[in-house]
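Taken verbatim from TrEMBL:
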- 43-64: transmembrane segment (TRANSMEM)
- 76-97: transmembrane segment (TRANSMEM)
- 109-133: transmembrane segment (TRANSMEM)
- 140-160: transmembrane segment (TRANSMEM)
- 180-199: transmembrane segment (TRANSMEM)
- 350-371: transmembrane segment (TRANSMEM)
- 383-406: transmembrane segment (TRANSMEM)
- 418-439: transmembrane segment (TRANSMEM)
- 451-472: transmembrane segment (TRANSMEM)
Amino acid sequence: MWSESDHHSILSDNPFVEVELDCCSFLQEKMELWDKNMKTTEVVFEAVLPVLKLLSMALIGLLLSHPKIQMIPKPTLRLLSKLVFFLFWPCLIFTHLGPVISVKKFIQWWFVPINVVISTAVGSVLGFFVALICRPPPEFFRLTVIMTAFGNTGNIPLAVVSSVCHNEDNPFGGTCYDGIAYAGFSQWVSVVLVYTLIYHMMEPPLEYYEVVEEGTEIEELTDLPTGNENDLSTPLLIEAEWTGIEDQRTEHCQTPLVATIFNSISDVSQSNIPDIESIREMPSSPRSYGCLAEPKVVRKIRIVVERTPINQILQPPLTATVLAIVIGIIPQIKATVFGSDAPLDFITDSLAMISNGMVPAVMLVLGGMLWEGPNESKLGLRTTIGIVVARLLILPLAGIGIIYLADKWNCLIADDAMYRFVLLMQYATPSAILLGAIASLRGYAVGEASALLFWQHVFGLVSISVYIFIYFKLLVTLF
């Protein structure tokens, strides 16, 4: 009778058996390598396909807005951008955020708005180093920091997520469209940052303003867009994301208010600078009549706050976000508005159908904006390259490290790949198009902001494709 040891002894002494075993192991290794390469190819295809869809729509917009074709002339693109801002974008946020949000999820999603603040802070540090290394003209130092820090957290992440989820073979499964809710949930903090921090950081430098007061003609201040819709000389990007912001121009929006208040400079001409003393003595402030004098620092901060256009913060996308959250966290109202059995389901279904036009419209407007080309810029080639590299290449790498640490510290929702993907995308987008509108509103570096936005969106088509591929791989292996 053969024992097991005799059987192994015969197999080990037989050279033909050894060759056959080696061939089997070799074939197995080759098959595993082939499967691995096929999976990598699939990941590459899944990463590139969404951007190719967006790029195709942008190219259609670019071709149709060509001066020789003029199927979509500039006034039409302006009206289309208004439709995006006032209708498509709010409908998309409302119909995807409302059904998903609840009190529990409102608490679980706390890291989404915090991540916007973190990405802005990290981007500010990067922008500061870019300004120190590249040495832009002194009046554009703050612009360098801002354009590196503040990314597009609105229509581009929504467009990317929608394009990814449109593919049935996407890696996120049935919960893919929750990414639109995550992106919409971050809208409120972005708007608050724009109308407070960014608004004041984009004010004209005091020295720059002083030159204007001496009578020198400065093109950026004398030839500013008026906000008139019929003024076709206004760059399309000014209204591409935040339509109507030009209409919010006030008497003092193009004056260096913060620098005037906090700097004790006696030799600056005050002819067009706000009368600070008259502001301090406004009758609406009862502190002026109190027994105790108001501290100077507190008074200066109060004046700045009073001149901040915080009353304009409720723009249509933010209104849709707030409305969706309020309805979503109240079960009784939510059951009436959202769901197949809801009495008002026909309204939300109609809004969902309207929202389908958001992504094509955004990309058509973007294509028309890119056709205009970059404006003339005094920023310098070195600084422009520095901002593009920092914003599109370095910041996304920093974002990977931040999200990885947040995941290790249990700050993120467990086993939700789309949640992590949206957080990572907040670091990979180009600068917000809204910065071009703010620059025009404040009369500061309009041409430079326009040129930077143009080049960032051109190179962003490549960088976003690369980082989507990296994110897909990391979401499978690392997170």
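Cβ from N, Cα, C; glycine included.
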Selected stretch (most C-beta pairs under 8 A with the transmembrane segment (451-472)) from 43-64, 76-97, 109-133: 43-64
The transmembrane segment (383-406): which same-chain residues, six or more beyond its ends, come within Cβ distance under 8 Å? 111, 115, 118-119, 122-123, 126-127, 129-131, 133-136, 140, 144, 147-148, 151, 377, 412, 420, 423-424, 426-428, 430-431, 451-452, 455-456, 459-460, 463, 467, 470, 474, 478-479
Residues from the same chain, set at least six apart from the ends of the transmembrane segment (76-97), whose C-beta lies under 8 A from its own: 61, 65, 154-155, 158, 162, 177-178, 180-181, 184-185, 187, 229, 236, 239-244, 315-317, 319-321, 323-325, 328, 348, 351-352, 354-355, 357-358, 361-362, 364-365, 368-369
Any contact between the transmembrane segment (350-371) and the transmembrane segment (109-133)? By contact I mean 3+ C-beta pairs closer than 8 Å, pairs at least 6 apart along the chain. no
Which of 43-64, 109-133, 140-160, 180-199 shares the most C-beta pairs under 8 angstroms with the transmembrane segment (418-439)? 140-160
Cβ-Cβ under 8 Å with the transmembrane segment (109-133): same-chain residues at least 6 beyond its ends: 141, 144-151, 153, 182, 185-186, 188-190, 193, 383, 386-387, 390-391, 394-395, 398-399, 402-403, 406, 411-413, 422-423, 426-427
Do any residues, 6 or more residues outside the transmembrane segment (43-64), come within under 8 Å Cβ-to-Cβ of it, and if so which ones? 71-72, 77, 159-160, 163-164, 166-167, 169-171, 359-360, 363-368, 370-371, 461, 464-465, 468-469, 471-473, 476
